[in-house]
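S.K.: Checked TrEMBL, it gives:
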- 6-183: domain 'Era-type G' (DOMAIN)
- 14-21: region 'G1' (REGION)
- 14-21, 61-65, 133-136: GTP binding site (BINDING)
- 40-44: region 'G2' (REGION)
- 61-64: region 'G3' (REGION)
- 133-136: region 'G4' (REGION)
- 212-290: domain 'KH type-2' (DOMAIN)
Ligand SMILES: Nc1nc2c(ncn2[C@@H]2O[C@H](COP(=O)(O)OP(=O)(O)OP(=O)(O)O)[C@@H](O)[C@H]2O)c(=O)[nH]1
């Protein structure tokens, strides 16, 4: 008898910096989500497709859950909650090292999901798997105890431990996800790793370099718009505008004699060429839109739903 095929949507939720993007990239076997050592890098919901012989998982990566203060942050938490509402199963990815240190870590994280600022009324009704990531940073017996404590704290559909960075525990996680997906045919062709436009990847590559190269509030006050993406020429020509909230941030991004912007451009060009598998030529502009993270119109233009 043929094995039944399962397909459906899994939302990937969790606190900033828990390793959601690392896990998604690992599951997909290639880099599509940006990974940085800083929290709150992921602003948009990204879809990746994990293909197996008898399953297809459509993964939604979401912005890290955190206390919603500015309008931008409030929208980010909303995006995460909405991903959960659309999903067949949710994977709540937590940082095992943090959880082992702080007794109230898990409860605090779960509470963010139901925070009134996010317009929430209880948890969306879908099975919740707890995945304790960064298992490489916690001794095995402490990890085992932590998993037991978590099982007692919430009615999870399953509690798993893994190390996204080492690729450990991923098969068990995939199996647990698949067990909650309905039977059905694949939604996407096998060679499709993600439903992301190359424009989006280009903007993310620039944002990633800014996250890696600048400090304090600068990366959080930055958005990137792609003005032109010309695939008809080789190398592809891409023109992007980096939007910041203040004049001082513009100065930092440009740097003395344009040194910083030049570095950002070179690094983003290399990264993007690697992601796309072909050469690109990138031009960058920096523009100030005063206090854009607080403004509804600007946020909507940048693709964050209300
Ligand atoms: N030791 C260890 N570090 C990890 C692991 N997974 C991710 N990291 C690191 O944790 C940091 C955050 O990883 P990301 O994948 O960007 O985290 P994220 O949850 O997508 O973060 P946001 O975009 O802020 O929501 C990076 O420095 C990763 O290298 C892991 O299994 N073990």
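Every residue gets a Cβ built from N, Cα and C, even glycine.
A description of the local structural setting of each listed feature is requested, covering burial, neighbours and distances.
M.R.: When pLDDT values are averaged over the region 'G1' (14-21), the model yields 84.
Mapped onto three states, the DSSP output places residue 14 (GTP binding site) in coil.
Taking H, G and I as helix, E and B as strand and the rest as coil, DSSP gives the domain 'KH type-2' (212-290) the counts 34 helix, 26 strand, 19 coil.
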S.K.: Which binding-site residues from the set 17, 20, 62, 135 come near ligand 1, judged by a Cβ under 6 Å from any of its atoms?
M.R.: 17, 20
S.K.: What residues in the same chain, six or more past the boundaries of the region 'G4' (133-136), come closer than 8 Å to it by Cβ-Cβ distance?
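M.R.: For the region 'G4' (133-136), the nonlocal Cβ contacts are 18-19, 23, 93-97, 143, 161-166, 168-169.
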S.K.: Which of the three DSSP-derived classes (helix, strand, coil) applies to residue 62 (GTP binding site)?
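M.R.: Looking at the DSSP assignment, residue 62 (GTP binding site) belongs to neither helix nor strand, so coil.
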